[in-house]
Amino acid sequence: MLFKKIDDINPLILLIDSCQYTNQIMNSYRHRNQTTSFIRKETIDCNIQLPRKIESDLLLSLSSNTDDYIPIINSLSNEDHINILKYTIVIDNVNYLEKILNCTSIDLSVNDDILLCTAIINCSSECLLYLLDKGIPIDFCDNYAIRACCIRLEKYIYTTRKNKSSCDMLKIVIDRGGNVNTHNYEPLYSAVNDNNFDKIKLLVENGANKLSDFKRKITNTNLEIFQYLIDNRVELEVNFDDIFLQSIINDDSECMKLFIELGANINSIPTLELTKIIINARHEILEILINYGLDINNINDKINNEINDNRCEDYDETIKTVELVSNAGIDIINLLKVVIQNALSVYNFTYPKYSI
């Protein structure tokens, strides 16, 4: 059934297109830039940055039951005080944090962003709760807390892994009143792209009601997640053509079918993507496309247009070579099979899985 329909595609123009794209596919669909702009470097790199002797004396005195740390603190600059506070937060030691705050003039209302951001990004739950109890609002720094908790914070953690995970931190933030739909529903978007079902359930159970790709494309597809969102009546404000293409890239046949049923246009697939599917010999994906109504005439037209729109010296050489082979009577269908097999053997094409 599949190959009977495949024969309807003009093999000559498909061979031209396949040959021309073979060397481009290795560099296509690189990982999209998923750097999170609101994650501040100074909240991750948290060394005390003091001379070794002073640092050693300070940590020793902080761990004792004496006040020997006070003269050391008093001899340091305000910048040093901030660095020391950040360090105590990174190691999540509330006792040290309180001692430093009590003997300095640091104003939490002025430095709340750097201190709380450090607590969030390092999953320092005890220090986070302490600072919140001191009156710092949960929506500090443009709702940083809940936005950061919905990405995979563990990859940023500076010190040894703590007992608390970013999901635990998210629960704390939500319990303290964090806005689950802030920034155009960014928390749920981040949790979906992180493929974190626990965070998704936590957000939905606490009022997250829309998945939006308004700011960035959704790169993760997971049938269980999307079925959960649908079952819980979460509005999907997404470009189904884009996410359908992403499911193809992710080799996710089940999500492909779901997105087609939700309204994705199966004929929106670009010719380059179809070429890559064929070059990669991804039989199951191709079979779904055809069985769900891929317009073969439209594909032939697209490939013809692609060839005409990208005419250049190299492309002309490709066309001349393929036409010469065809005119000589060489079996184009079998030759295309060889091209695909050689491409698989030589280049080992793969579709990279996206991660955050």
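Here the Cβ of each residue, glycine as well, is placed from N, Cα and C on the backbone.
The repeat 'ANK 1' annotation in Swiss-Prot covers 111-143. Helix, strand and coil residue tallies for the repeat 'ANK 1' (111-143), in that order: 24 helix, 0 strand, 9 coil [DSSP].
Annotation source Swiss-Prot lists repeat 'ANK 2' at 152-182.
The repeat 'ANK 3' feature in Swiss-Prot is assigned to 183-213. Helix, strand and coil content of the repeat 'ANK 3' (183-213), in residues and according to DSSP, is 20 helix, 3 strand, 8 coil.
Annotated repeat 'ANK 4' per Swiss-Prot: 215-238, in sequence order. If you look at the repeat 'ANK 4' (215-238), the same-chain residues 6 or more away from its ends with a CB under 8 A from one of its CBs are 32, 34, 183-186, 188-189, 192-195, 197, 200-201, 204, 208-209, 246-247, 250, 252, 254-255, 258, 262, 354.
The repeat 'ANK 5' feature in Swiss-Prot is assigned to 239-266. In the repeat 'ANK 5' (239-266), the DSSP tally of helix, strand and coil residues is 20 helix, 0 strand, 8 coil.
Mapped onto DSSP classes, the repeat 'ANK 6' (267-298) shows 23 helix, 0 strand, 9 coil. For 267-298, the entry in Swiss-Prot reads repeat 'ANK 6'.
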In this predicted model, what is the average pLDDT of the repeat 'ANK 5' (239-266)?
-> 94
